[in-house]
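First the structure, in the form of structure tokens, and then the observations on it.
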Amino acid sequence: MASPQKTSEHGFFQGNFPGGISTASHSQGSFIMAQITIRFFAIAFTLAAIPVMITAEEPISLFGMAISPSYKQSSAMKFLLGANATVCAFTVLSLLFVWPLRRSGSKHINYFLLHLHDMVMTLLLMSGCSAATAVGYLSQYGQPETYWSPICDIVKKFCHQILISTVLSYLAFFCYLALDILSVHKLLSRETE
């Protein structure tokens, strides 16, 4: 004879699994696992984007002058590099903050602070990626109206590395966008409990 299953009065999502694990604790475990996994991806993407940006150089000779384009010559690229470094460091620190949330009795304010952190990191990455994209577009296509010539025909390797670094930064941005959505979902679901 099967033992009776206890279910909560809060609805379908608060019931028990047949193995005796409540869906609330399973949901909490899934939330923490998703948070940690996505944060590791964000760390990996930002950590990979940094050396690609730093090593982006291609010395050339143009009209008898030696030129070596570098990320240091563009404030947008320096900003993206700083944004990636900042997000990487704060993501590592945020892992220390996420781990205690695995307990089911975590306070509502902790989830809000986590969401606030994620929003700031998302905005930082979005602004860095946007600035780098604008400069990259001008480097690739130029702007004839203002006599800005494209340079990527001359320094293809440099432009390719900047593109790779920017794409990695965008991937980190999408990781943080997913973290924001998870945090908002968790905040809203905690209010209904």
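Quick reminder: no glycine exception, Cβ is built from N, Cα and C everywhere.
Copied over from TrEMBL:
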type: DOMAIN; residues: 32-175; note: domain 'Casparian strip membrane protein'
type: TRANSMEM; residues: 36-56; note: transmembrane segment
type: TRANSMEM; residues: 76-99; note: transmembrane segment
type: TRANSMEM; residues: 120-138; note: transmembrane segment
type: TRANSMEM; residues: 158-179; note: transmembrane segment
Mind checking which residues reach the transmembrane segment (158-179)? Cβ under 8 Å, same chain, six or more beyond either end.
35, 38-39, 41-42, 45-46, 48-50, 52-53, 55-58, 69, 71, 77, 80, 83-84, 87, 118, 121-122, 125-126, 128-129, 132-133, 136, 139-140, 151-152
Given a Cβ distance threshold of under 8 angstroms, which distant residues of the chain, six or more beyond its ends, lie next to the transmembrane segment (36-56)?
70-71, 77, 80-81, 84-85, 87-88, 91-92, 94-95, 98-99, 121, 158, 161-162, 164-166, 168-169, 171-172, 175-176, 178-179, 182
May I have the DSSP-based helix, strand and coil counts for the residues of the domain 'Casparian strip membrane protein' (32-175)?
111 helix, 10 strand, 23 coil
